[in-house]
Amino acid sequence: MLPPQPLLHAAVFALAALQALASDTFTAAVYEHAVILPDATDKPVSPEEALALMNKNMDVLEGAIKEAAQQGAQIIVTPEDGIYGWRFIRETIYPYLEDIPDPAVNWIPCTDPTRFAPAPVQERLSCMARNNSIYVVANIGDKKPCNSSDPGCPSDGRYQYNTNVVFDSEGKLVARYHKYNLFMLETQFNYPKEPEAVTFETPFGKFGIFTCFDILFREPAVVLVSELQVDTVLFPTAWMNVLPFLTAIEFHSAWAMGMGVNFLAANTHHTNMSMTGSGIYAPDGARTYSYNMKTEDGHLLVAELDSHPRLSPASPPAVNWSSYALSVERFSPNDHEFRGLIFYDWFTFTDLTKPEGNLTICQKDLCCHLSYKMAGKQEEEVYVLGAFDGLHVVEGHYYLQICTLLKCQSTDLNTCGQPVETAQTQFEMFSLSGTFGTNYVFPEVLYSGVQLAPGEFEVLKDGRLISKINPTKGVITVTLFGRWYEKD
């Protein structure tokens, strides 16, 4: 039965209006915040003192939000720990926490601040979003009472969660995410009983959200992208950089490329803890990024992105990560195989003894193939090809397969894998591939000075990471970072 003609016209008009509101692109912002930290103490401060510190940080964030809105940004992401910092134990963080309701309650704290328990932080964040007509993403703490009938209830009678919140441009709470994969230092927080996969719709795409250490695990990170098909991931983080291939900008950019989504990463800024590196990343590379270990300033980044990157003509094709490497015979065997340590994992290395050539190095089931030609090889600089195939077990348990070309810290091969920030040797060409057992592989190229190389490399359908043009700077590392989730 057909609907009456007026209703049909109304439905067509409503659909047309929705399509008109939808946008092919949007402007995003992230803010790297030099957080004002509390004094280290083993005794809780008063709620008033806690709020005073949080307001100091929110004063800074509000300035960044206003500036982002003036530059046309429709959404801004702020860092993990960006409102109260760290230096907490379970008891001392409690005055900084608020009870954050389920977004299903349809609440605008800015216009109805007394509807729930006192929530001055949520009220202020809501007003920042509403007053500037911008989506605001922030990281705060949630508290939830529990009792003895709950076998998981902590002895103090409450759950405490590291929590991301999202307020839309009207100031409404539209998303709440409790961090599931806590870093080993986060003893002040609990993790939820089940991992949460949080998404929300906007006129400029479908968004998902998680926090920092979550990125290395299947739940929620892969679930959001592969199963729930989000367009853009929001990522508040407090990322401590680990060279040569777990520096924030390179890994986050690589993750966006490997997963085929937009990625908005906002880091805290604290150089004494090697915390820096924020960016706005698309599947075809970084749109803008910042890495600054020299000053203690915060930094705002703004860039335009495709609302639906999978539909974009610039979206990279699907990759069979092991196709090429499995089809070729092993390159000439090497006589220089040795072991080296990178971030607590023992790699198998071979050094590049000639200015050009083909090399293979293997560990367990992973063989890494490299074709290369150096340009202006520096005598005091040594490069190696490395492979790692195994379970990383230090601050978490996760299975890795990694192929990497990297510069050693010195001519002493015992330094290969140790942090390096500068290089002079450029590569006229490189092609890196591996016999990966996983489809989740993240391609990275890092230049001297901890700089990305957008537009200067590409990944072919058969899994080769190749140079597109002669690199313009010295190479620190070229890496294929694989995560084999099923083997964890």
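For all residues, glycine too, the Cβ spot is worked out from N, Cα and C.
Please treat TrEMBL annotations as automatic predictions, because they have not gone through curation.
Residues or ranges marked as signal peptide in TrEMBL: 1-22. Here TrEMBL flags 31-307 as domain 'CN hydrolase'. Under the heading active site, proton acceptor, TrEMBL lists GLU80. According to TrEMBL, the feature active site, proton donor maps to LYS179. Per TrEMBL, the feature active site, nucleophile maps to CYS212.
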(message) Please report the Cα separation of the residue listed as 'active site, proton acceptor' and CYS212 (active site, nucleophile) in Å, rounded to an integer.
(response) 8
(request) Only counting partners 6 or more residues apart, tell me which same-chain residues put their Cβ under 8 Å from the Cβ of the residue listed as 'active site, nucleophile'. (result) GLU80, LYS179, PHE183, PHE235, PRO236, THR237, ALA238, TRP239
(message) What's the number of neighbouring CB atoms sitting within 10 A of the CB on LYS179 (active site, proton donor)?
(response) 26
(message) I'd like the Cβ neighbour count for GLU80 (active site, proton acceptor), meaning other Cβ atoms within 10 Å of its Cβ, all protein chains included.
(response) 26
